[in-house]
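A.B. asks: Per TrEMBL, the features are:
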type	residues	note
COILED	69-96	coiled coil
COMPBIAS	1-13	compositional bias 'Polar residues'
COMPBIAS	22-31	compositional bias 'Polar residues'
COMPBIAS	32-47	compositional bias 'Basic and acidic residues'
COMPBIAS	257-275	compositional bias 'Acidic residues'
REGION	1-50	region 'Disordered'
REGION	247-278	region 'Disordered'
REPEAT	289-330	repeat 'WD'
REPEAT	331-372	repeat 'WD'
REPEAT	375-415	repeat 'WD'
Amino acid sequence: MPTESGSCSTARQAKQKRKSHSLSIRRTNSSEQERTGLPREMLEGQDSKLPSSVRSTLLELFGQIEREFENLYIENLELRREIDTLNERLAAEGQAIDGAELSKGQLKTKASHSTSQLSQKLKTTYKASTSKIVSSFKTTTSRAVCQLVKEYIGHRDGIWDVSVARTQPVLLGTASAGELDTGLGVLLKCDFADNLPNRLTRDHTALLWSIETGKCLVKYSGHVGSASGDQTAHIWRYVVQLPTPQPVADTSQQISGEDEIECSDKDEPETDGDVSSDCPTIRVPLTSLKSHQGVVIAADWLVGGKQAVTASWDRTANLYDVETSELVHSLTGHDQELTHCCTHPTQRLVVTSSRDTTFRLWDFRDPSIHSVNVFQGHTDTVTSAVFTVGDNVVSGSDDRTVKVWDLKNMRSPIATIRTDSAINRINVCVGQKIIALPHDNRQVRLFDMSGVRLARLPRSSRQGHRRMVCCSAWSEDHPICNLFTCGFDRQAIGWNINIPALLQEK
């Protein structure tokens, strides 16, 4: 009779052994069959096209996975029993200590030791669950405290800057970089006592909007060249008639403060053409400020309204007399391009920031002496520096930090806020000392002056900014929108921040 080869015999024995093992499992453990029988039968089926070696490997791997889960389950049960034991021991020790009438110090020491052990066990075992619970609390809190009120959509390109006037009439103004990283400074002068947003963007226009209705009221298009590469700052005058305010829809139920839904950079607000096409257009400025040799990136009024300061990529800031348009002072000293300038609301002080990682404080309070102080502490471009109440300055940087400084002590900041993304033009709510941080990663966060995080503005796939947030601006007294933000998604957003509730949860 023909005899089988050794290899064939061995393969057949292994196959029979696996079948008998599978049968024994089916006979002795019906519950396991329901759980894993289907995959095993598929692997062991006669019609399977998998080689026997592959099926053996798969069975072995599945067995290892099952053993790992079994070990984890046993460890979990042991941890639960240990926690119960610790709870019982803690309760028993408390009773024994009371019976022994020990001193309060001994009682406190033993109770503290047992409590710390139990606390550590609980933290180790249920850390993930606790994090989820805390996140749910934050979501509810942020939704109630920070609400999106109005979106101002209509520009054809990204918006770079947004600001709110400090005196009546309250204005909201924005500016944007140019197509080839050029920028635009804007100065506003008005004969109108109401709340309007002004926005100046990469589509070479400035728009005024009604905050309440979101309607475009006035368009300014006086700059020439590639997005204000004309190296000038313009002052222009306007008079408008506000439309009747309409009730503001409640959008708080549609968004969540802790949403982390990623949006494509190609997602842009949908617009029905140019919303500013029907607006009155201003093409001639009241005054044009000229002296810079580079792009004007920012501008601000000095207290009193008779002088204005501009910042440029030519590494200088200029102080002008508004009535005559004459250059009063050229502020030199920065080693690289300027990124921002800001004036003190009540004193003749100017702060300029630069890509040279510093910002400088210029003092014009004494007409005969113009002093300058240099603040060093950042490791990357200082994107903005702004004044607060008292003798403090807050600076933001591309090094992902915000620092609070005391003007009387320049050596080190009194508070440092560390974040996960570069920070753009910040703004401080002067009355409540809350800092709004716009980020490159599309987020806007709120901190207090001591560095404690208060909230993050809601953002989802449907609402909020879809690209880098460039700037923020507070309007504390506005009854509907008290915070505005803008970004490269071509929209400005008005927010209602419930400041009392925000500070109460601090």
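Placed from the backbone N, Cα and C atoms, the Cβ positions cover glycine too.
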A.B. asks: Looking only at the repeat 'WD' (331-372), what are its DSSP counts of helix, strand and coil residues?
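C.D. replies: Helix (H, G, I), strand (E, B), coil: 0 helix, 26 strand, 16 coil.
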A.B. asks: Please spell out the DSSP helix, strand and coil residue counts for the repeat 'WD' (289-330).
C.D. replies: 0 helix, 24 strand, 18 coil
A.B. asks: By DSSP assignment, list the helix, strand and coil residue numbers for the repeat 'WD' (375-415), in that order.
C.D. replies: 0 helix, 22 strand, 19 coil
A.B. asks: Restricting to the coiled coil (69-96), what is the model's mean pLDDT?
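C.D. replies: Within the coiled coil (69-96), the model's average pLDDT equals 81.
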